[in-house]
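Q: I am attaching a structure below and will ask some questions about it afterwards.
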Amino acid sequence: MAEQQIRVAVLGGGSFGTALASIAADNGAQVRQWMRDEALVEQINRERRNGRYLPNYPINPAVQASTDLATVLHDAELVLIAIPSKAFRSVVQTAKPWLKPEQILVSTTKGIEQDGFLLMSQVLEQETGFAHIGVIAGPNLASEIADKQLTATVIASADALTRTRVQQALGCRYFRVYASNDRHGVELGGALKNIYAIAAGMAAALGMGENTRSMLMTRALAEMSRFAVAQGANPMTFLGLAGVGDLIVTCSSNLSRNYRVGFAIGEGRTLDDAVEALGQVAEGVNTVRLVCTRAAEIGVYMPLAEGLYHVLFDGVPPQDMAKTLMMGEQSSDVEFILPREDVQQAHRDTGGWHD
Ligand SMILES: NC(=O)C1=CN([C@@H]2O[C@H](COP(=O)(O)OP(=O)(O)OC[C@H]3O[C@@H](n4cnc5c(N)ncnc54)[C@H](O)[C@@H]3O)[C@@H](O)[C@H]2O)C=CC1
Ligand SMILES: O=C(CO)COP(=O)(O)O
């Protein structure tokens, strides 16, 4: 619990920004929330409700919404940034005149920037050069948090002050905040799992069984951690809330927007239709494109992500995605124990391997 009232600014008027603002306010913080939409600001301040993104949940009266960045950022000790990745940098650039080096800046965005394959905390570093930078990720469906369902998350930062202040500001009876110093791993976990949530939604629409879902999620974890380790992350991070935890929730729940996009495509809708019908951000659509390009560049094997890419962008029927998984190389279960190369070599040695 926060012992003294911490001043929190939330940038973003979507479902996650709104849920986080309410947690901080429930926890006794003074909270200001910035968004572009004047009508939404009015509604939040008057009705204590975000009718566009989180219509069915009351917002703590201590949250003050505003379209004025100067007011929202003035005196804020902790700044939580919940803006979709496509607009993240431009919002940070607009906010820059009011940001101060002593502030703690935390990205809650689970996406990747196209140019340079940058994660949002790297964008924050580039734009500000500040020392107190972190990310939040974990199994955190916004509507369940708004409903005060018991939830846990991870604050990841190399900076102990950032970790501690976020734990103090957000940890409360229904929201538990665990700490990590693997910022890159936690942030990649949050971004990558969106790819597999789309695949899981698609598989569900096609009538997959429980064995299939379990296989898909476990091989997704293998693929995510393989990619993240090649990018410098710690594989153990994927055993935590931002890895397996977030993968479970988004691959199993209709409350996940990425899952819903996948489900709609599995039912026969086009990608454009599915995204338009959603009306909110599904980061995985962009992430799968960027990750497949990157994986090809650095030589990381990602059959599930590639299979999904072909369905989303090359017109391959969703039913064919399973073939990539089932007919790929016979491989290792946990490659951090038995390397894939050893399995391949053993096949070659017995004459059963075809490159
Ligand atoms: N909703 C959820 O359950 C969770 C979402 N996240 C992540 O949080 C990030 C934000 O997502 P949500 O709040 O869910 O999105 P959302 O789709 O509910 O809302 C997006 C918000 O960003 C605003 N926005 C978009 N472009 C903008 C711009 N150029 N300038 C200012 N504001 C702009 C929109 O007006 C809207 O208020 C995403 O990366 C998502 O992956 C993370 C955990 C849970
Ligand atoms: O990241 C999330 C839950 O942890 C939210 O997932 P969606 O963006 O798919 O709704």
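Glycine residues also receive a Cβ, built from the backbone N, Cα and C atoms like all the rest.
Because TrEMBL annotations are produced automatically, they should be read as predictions rather than curated entries.
Annotations for this protein, taken from TrEMBL, read as follows:
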DOMAIN    8-159  domain 'Glycerol-3-phosphate dehydrogenase NAD-dependent N-terminal'
BINDING   SER15, PHE16, ARG36, TYR53, LYS110, ALA142, ARG257, VAL281, GLU283  NADPH binding site
BINDING   LYS110, GLY138, LYS193, ASP246, SER256, ARG257, ASN258  sn-glycerol 3-phosphate binding site
DOMAIN    182-322  domain 'Glycerol-3-phosphate dehydrogenase NAD-dependent C-terminal'
ACT_SITE  LYS193  active site, proton acceptor
Q: Identify which of the binding-site residues ASP246, GLU283 has its Cβ surrounded by the largest number of other Cβ atoms within 10 Å, counting every protein chain shown.
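A: Within the set of binding-site residues, the most crowded position is ASP246.
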Q: Sorted by position, what residues of the same chain at least six away from ASN258 (sn-glycerol 3-phosphate binding site) have a C-beta under 8 A from it?
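A: Set apart from ASN258 (sn-glycerol 3-phosphate binding site) by at least 6 residues yet with Cβ under 8 Å, we have ASN194, ILE195, ALA197, ILE198, GLY201, THR250, ALA282, GLU283, GLY284, VAL285.
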Q: Do any of the binding-site residues SER15, ARG36, LYS193, ARG257, ASN258 touch ligand 2, in the sense that the CB is under 6 Å from one of its atoms?
A: ARG257, ASN258
Q: Of SER15, GLY138, LYS193, SER256, ARG257, ASN258, which binding-site residues come close to ligand 1, meaning Cβ under 6 Å from one of its atoms?
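A: The ones that qualify, in sequence order, are SER15.
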Q: Tally of helix, strand and coil residues over the domain 'Glycerol-3-phosphate dehydrogenase NAD-dependent C-terminal' (182-322) according to DSSP?
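A: When I sort the residues of the domain 'Glycerol-3-phosphate dehydrogenase NAD-dependent C-terminal' (182-322) into the three classes, I find 110 helix, 0 strand, 31 coil.
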Q: Can you check how the pLDDT averages out over the domain 'Glycerol-3-phosphate dehydrogenase NAD-dependent N-terminal' (8-159)?
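A: The answer is 97, the mean pLDDT of the model over that range.
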Q: For LYS110 (NADPH binding site), just count the other CB atoms lying within 10 A of its CB, please.
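A: A count of 30.
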Q: At a 10 A cut-off on CB-CB distances, which of the binding-site residues ARG36, LYS193, ARG257 has the highest count?
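A: When each Cβ's neighbours within 10 Å are tallied, LYS193 tops the list.
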Q: Based on Cα distances to ARG36 (NADPH binding site), point out the closest of the binding-site residues GLY138, LYS193, ASP246, SER256.
A: SER256
Q: Cα-Cα separation of SER15 (NADPH binding site) and SER256 (sn-glycerol 3-phosphate binding site), in Å?
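A: With distance taken Cα to Cα, SER256 (sn-glycerol 3-phosphate binding site) is 12 Å from SER15 (NADPH binding site).
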Q: Could you list the residues of the same chain, at least six apart in sequence, whose Cβ is under 8 A from the Cβ of GLY138 (sn-glycerol 3-phosphate binding site)?
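A: Expected: THR151, ALA152, THR153, VAL154, TYR178, GLY190, LEU241, ALA242, GLY245, ASP246.
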Q: Give the number of CB atoms, excluding that of SER15 (NADPH binding site) itself, located within 10 Å of its CB.
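A: Within a 10 Å radius of the Cβ of SER15 (NADPH binding site) lie 24 other Cβ atoms.
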Q: To the nearest whole angstrom, what is the C-alpha distance linking SER256 (sn-glycerol 3-phosphate binding site) and LYS110 (NADPH binding site)?
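A: So the alpha carbons of SER256 (sn-glycerol 3-phosphate binding site) and LYS110 (NADPH binding site) sit roughly 13 Å from each other.
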Q: Based on the record's binding annotation for NADPH (SER15, PHE16, ARG36, TYR53, LYS110, ALA142, ARG257, VAL281, GLU283), what whole-number value in Å is the widest Cα to Cα distance?
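A: The widest Cα-Cα gap among those binding residues is 22 Å.
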